[in-house]
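Enquirer: One structure, as C-alpha cells, below. Some questions next.
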C-alpha cells in the first residue's frame with residue numbers, strides 16, 4: 001500500500017500538470033468531472049448497471065458510486081464530493097478513507113441536489129464539464145460550449161495513452177485477477193462444463209460479478225469461436241468438445257485487463273497444431289516490437305504471418321504469401337485489428353490521435369477495424385490479439401471471386417467446427433524492452 005501511495009501521489013501530479021496545461025490552452029479556469037448518474041430502465045423502477053465516467057476514475061479509484069463530483073484546476077488540491085446519502089432501501093458506500101484520500105479534498109454530499117449550492121462559488125463561464133448529463137451541467141450554470149468540449153477531450157484522450165507508474169501498477173494487479181480467472185476457466189473446460197458454468201468459474205476466480213468485468217466475457221465452445229463477440233453462454237454442454245476460446249478480463253481500481261486464449265480438445269488434430277503455431281506467431285511478433293514504429297505496421301506484419309500459416313496448412317494454395325496479403329486473402333481469416341490501447345477503458349481513448357489536438361489518422365482502407373494507428377511509444381499499454389477464424393459470412397464472397405480456386409474449401413470445412421483462434425496478451429512499451437504482463441504471470 002505504501003508503494004501505491006507514492007505512485008498515486010506522482011499520478012495526481014501528472015494529472016494536475018496535464019490539467020494546468022489544458023486549461024491554459026483552452027482559456028478555462030477549472031474542470032468539473034461527473035462520475036455519472038444511474039440510467040433507469042424504460043417503464044420500470046430499476047436501473048441499468050452503473051458504469052462510471054472514465055475521466056472520473058482517472059483521478060480517484062471510485063468506480064461504483066453515482067452522483068459524485070470532482071473539481072480540478074491543476075493547481076489546488078482536487079475537490080471531491082462523495083455521494084453518501086441516508087438510505088435504508090439501498091446499500092450506501094461510506095466515505096472512503098484510504099491511501100489516496102489524503103491527496104484530495106473529500107466533501108460529503110448527502111443529497112444529490114445539494115451539489116448546486118456546493119458548486120456555486122466555483123462555477124463560472126470558464127468552467128468545463130466532462131460527464132454524461134448535459135442537462136445537469138446546464139442546471140449548474142456551465143456554458144454549453146464547455147460541456148464535453150471536444151478540443152479539451154482530445155487533449156486528455158491523447159495523453160491517456162502514456163500511463164503513469166500508478167496506472168501500470170493497477171493494470172498489473174488487474175492482470176493477476178484475470179489470469180486467475182483464465183486458469184479456472186481452462187480447468188472448467190477440461191472438466192467439460194457448459195459455457196455458462198465456465199463463465200461462473202471465471203467470475204468466482206476473479207472475485208467479479210458479471211457487472212464488474214470491464215466487458216462481457218466471451219466464452220465460446222466449438223463453432224461459437226467463429227463469432228468474434230460471442231456472449232450468449234449456452235447452459236447446455238455440447239455433445240462433443242472440440243475447441244474453447246475465452247476472451248475475458250478483470251478490473252482493478254478502474255483499470256482493465258483484456259486477455260484471450262484458445263484451447264483444442266483434440267490431441268492429434270491439425271487445429272491443435274494451428275493453435276500452437278498461432279501462439280508462436282503472436283509471440284514472435286511481440287519479440288520484434290519496439291518504440292518508434294507505427295502500430296499499423298505490426299498489424300500488417302501479422303497478416304504476413306497469417307499468410308505463412310495459410311500456406312503451411314494448405315488452406316490457400318498456388319499464390320505467393322505476398323500476394324495473399326496484397327490482395328486481401330488473409331482478411332477473412334483475420335478480420336479484426338491486431339489490438340488496441342488498454343487502460344481506463346478496454347478500447348482506450350486516443351488510438352487514432354497523432355497529437356494532442358486530436359489529429360486523426362484512420363486505419364488503412366484494407367483493415368478498417370484496426371483500432372490504433374499511433375506510433376508505439378514508452379508508457380503505452382497495448383493488446384496484441386491476432387486471430388485465425390473460419391467464418392462463413394466472410395469466406396462466402398471468396399467462393400465466387402477470382403481467387404476461389406486457390407482456397408481449399410474442403411479443408412476449410414474440416415476446420416469450421418472449431419470456430420477459430422484468438423490469442424491476446426497485454427504489453428507495456430518501455431524504452432528498451434517490451435513487458436508482457438500476461439506471459440510474466442505464466443499464462444501459456
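Just so it is clear, glycine is given a Cβ too, placed from its N, Cα and C backbone atoms.
Since we're looking at a predicted model, the values are computed, not measured.
Per Swiss-Prot, the features are:
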type: BINDING; residues: 247, 258, 424; note: Mn(2+) 2 binding site
type: BINDING; residues: 258, 340, 385, 424; note: Mn(2+) 1 binding site
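I'm curious about the neighbourhood of these features; can you describe it?
Expert: For residue 247 (Mn(2+) 2 binding site), applying a Cβ distance below 8 Å and a minimum sequence separation of six or more within one chain yields 217, 218, 258, 259, 260, 422, 424.
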Enquirer: Taking 8 Å from the centroid of the Cβ atoms of 247, 258, 424 as the cut-off, which other residues in that chain fall inside it around the Mn(2+) 2 site?
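Expert: Along the chain, the qualifying residues are 218, 248, 249, 259, 260, 383, 385, 422.
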Enquirer: I'd like to know which of the binding-site residues 258, 340, 424 has the most other Cβ atoms within 10 Å of its Cβ.
Expert: 258
Enquirer: Which residues, in sequence order, are found in the same chain with Cβ within 8 Å of the centroid defined by the Cβ atoms of 258, 340, 385, 424 at the Mn(2+) 1 site, excluding those residues themselves?
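Expert: Here the non-site neighbours turn out to be 247, 259, 260, 339, 342, 346, 383, 384, 426.
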Enquirer: By a simple count, how many Cβ atoms lie within 10 Å of the Cβ of residue 385 (Mn(2+) 1 binding site), its own Cβ left out?
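Expert: So the number of other Cβ atoms within 10 Å of residue 385 (Mn(2+) 1 binding site) is 21.
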